[in-house]
Amino acid sequence: MRALESVRDQVTSGFSSLKGSPRDLFIIFVLKVLESYNYFSLSRIFVLYLTENFGVDDLTAGTLYGLWGTLLVLYGFILGGAIDFLGVKRSLVLCFVLNITSRLVMASTSSRLVLLMALLGPNTVAGSLGVPVMTIGVKRYTHSGNRGFAFSLFYTLMNVAALTQGVLMDFFRIRWKHGFDVPAFADRSLLNSGNRLFLASGCVTSMVGLWLTFLLSDPAADDDAAVYARVPAVLEAEAGLAQAGRGERPRSVEPAAKDAPSAPSESKWQKLVTAAGNVALSREFIKYIVMCVITVNLKSVFKYLDAMLPKYQLRAFGCDAPIGMIYSINPFTIVFLVPIIGAMTTGFQHFDMIHFGSYLSALSPFWLVIWPAEWAAAMFVLTLSLGEAVWSPRWYDYSMGVAPDGKEGMFTALASAPLFAAMLPTGMLSGYLLDRFCPDNGQCSDVSAGRSLLTHAQATAPSPSLGGGECRGPIMWTTVALLTLTSPLLILVTQKWIRPAPSADKVQDRTPGLGTGVDFNEADPLLVVDNLYQSAAMPRHSEGR
């Protein structure tokens with residue numbers, strides 16, 4: 001009860017701090033919901049759409065999924081200067097215009113080449129363009145007294161959008177499978193396909209977002225430059241990460257010089273490389289990067305929720321499997337449980353919470369290894385989410401604790417490299433496992449779909465498929481489980497060396513507001529970009545203490 005009362009008091013205090021905030025802040029919150037819906041709806045339908053509507057094989061679809069995530073991050077880095085030039089309002093306008101046009105093309109085309117050009121080109125640019133602008137928007141329309149809670153609410157709304165798209169995905173795929181069923185159009189055309197209509201729903205949210213963007217006041221150019229000019233400084237230890245209000249006291253931003261260039265000079269990049277080299281050689285960073293490498297498989301397991309679980313559910317349990325509802329267990333659990341768990345476990349060290357929570361997430365795939373059933377898929381997502389609620393919010397506090405004051409931004413940016421490098425291999429592995437152990441037989445591309453491929457088979461006696469191939473789900477999920485389990489086991493083996501000193505828990509003692517009450521899942525590529533730009537929006541960790 002004390003934990004619940006603590007969460008209630010913190011949330012009440014947080015909302016009170018937002019009273020009197022400019023209207024633009026609340027517009028940014030709505031825009032965050034709309035753009036997050038666009039991201040999660042595409043992420044969930046990505047591999048299914050390629051395979052069911054365009055006949056792309058599993059391995060290629062998985063590879064493209066990993067490439068898409070990689071490009072999201074790369075575009076986010078590259079477009080920093082463009083955002084500086086355009087400013088907040090025009091960047092958002094461009095974001096939503098690109099999203100509307102590319103989504104419409106993707107949802108209506110029958111050409112695989114046109115689809116990939118729109119998907120990996122303007123649509124990915126739109127996604128990586130909107131995130132940093134909204135992050136800076138939160139900073140722009142808040143002050144030191146409410147910025148931490150504003151970022152907490154910012155990411156909570158993101159999870160609400162993820163939950164919503166799961167419900168709508170099942171509606172379009174199951175209840176509205178054949179769309180408007182217009183006889184004059186082909187069966188798989190835009191108006192007659194649930195998949196295509198679900199993808200096109202992003203056009204509607206983007207149109208609303210475009211309209212709301214015009215209601216924003218246009219920030220002064222100097223204010224934009226003050227933030228965007230700080231992006232290179234993340235790697236110069238001039239920026240501290242302020243993620244979702246976890247372990248970070250809100251702080252004001254140092255104004256940049258009015259004549260600050262939109263792109264760093266050559267000498268600045270030389271300083272950047274030198275600063276990165278000095279940090280990379282430190283003992284603290286080596287220990288931290290080892291921890292980051294160890295937990296790559298733990299964090300990557302969430303990508304299997306997009307790249308592998310939906311296809312497995314459809315092939316194993318039939319084409320009307322509620323893939324969206326089962327996915328929605330994750331954001332629902334995070335929204336409600338993370339603040340409670342955070343309040344109940346404030347006395348535990350961050351490292352221990354990461355270690356123990358990682359076991360829950362790592363063991364979650366064994367539900368589908370032992371019981372290949374729909375309810376087991378739901379338990380897999382629930383157990384995975386429970387583990388995430390324990391360890392993921394503490395990762396940020398752990399990061400800030402082990403980094404020397406003034407070098408938090410450097411630590412965060414460099415430590416993103418292992419997870420970034422794993423995006424493409426994770427996508428490829430998901431495609432390989434599906435192709436090898438649960439291949440597509442075209443059943444869900446047929447208008448008479450709805451048959452179940454798996455009839456509660458045991459691992460020792462795999463069932464035959466309807467139309468070719470066999471789904472050996474237990475073998476597939478055993479591979480995922482064993483890969484994920486390496487993370488907590490390696491933490492156990494190496495903890496005497498990588499465990500931070502007791503002084504590293506300094507952040508825990510000064511966590512304001514919601515503290516560990518918000519989860520920030522680094523597995524999503526779009527949030528890696530958000531991570532960087534939020535770092536750029538904040539000054540050094542040691543400031544304001």
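Positions of Cβ are set from backbone N, Cα and C atoms, glycine also.
All annotation found in TrEMBL is predicted automatically rather than curated by experts.
Annotated features, as they stand in TrEMBL:
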TRANSMEM  25-47  transmembrane segment
TRANSMEM  67-88  transmembrane segment
TRANSMEM  113-136  transmembrane segment
TRANSMEM  148-168  transmembrane segment
TRANSMEM  197-216  transmembrane segment
REGION    245-264  region 'Disordered'
TRANSMEM  285-305  transmembrane segment
TRANSMEM  326-348  transmembrane segment
TRANSMEM  368-391  transmembrane segment
TRANSMEM  411-433  transmembrane segment
TRANSMEM  475-493  transmembrane segment
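Note on the transmembrane segment (25-47): residues 18, 58, 61-62, 64-65, 68, 92, 95, 99, 103, 123, 127, 130-131, 134, 137-138, 141-142, 150, 153-154, 157-158, 160-162, 164-166, 168-169, 195, 198-199, 201-202, 205-206, 208-209, 212-213, 215-216, 306-307, 310-311, 323-324, 327, 430-431, 524, 526 of its chain, located 6 or more positions outside it, place their CB under 8 angstroms from a CB of the stretch. Counting Cβ pairs closer than 8 Å and at least 6 residues apart in sequence, the transmembrane segment (475-493) and the transmembrane segment (285-305) reach three or more and so form a contact.
Remote same-chain residues near the transmembrane segment (368-391) are listed as 298, 301-302, 305, 309, 312-313, 316-317, 321-322, 326-327, 329-330, 333-334, 337-338, 341, 345, 353-362, 454, 456-457, 459, 473-474, 477-478, 481, 519, 521 (criterion: CB distance under 8 Å, separation of at least six residues from the stretch ends).
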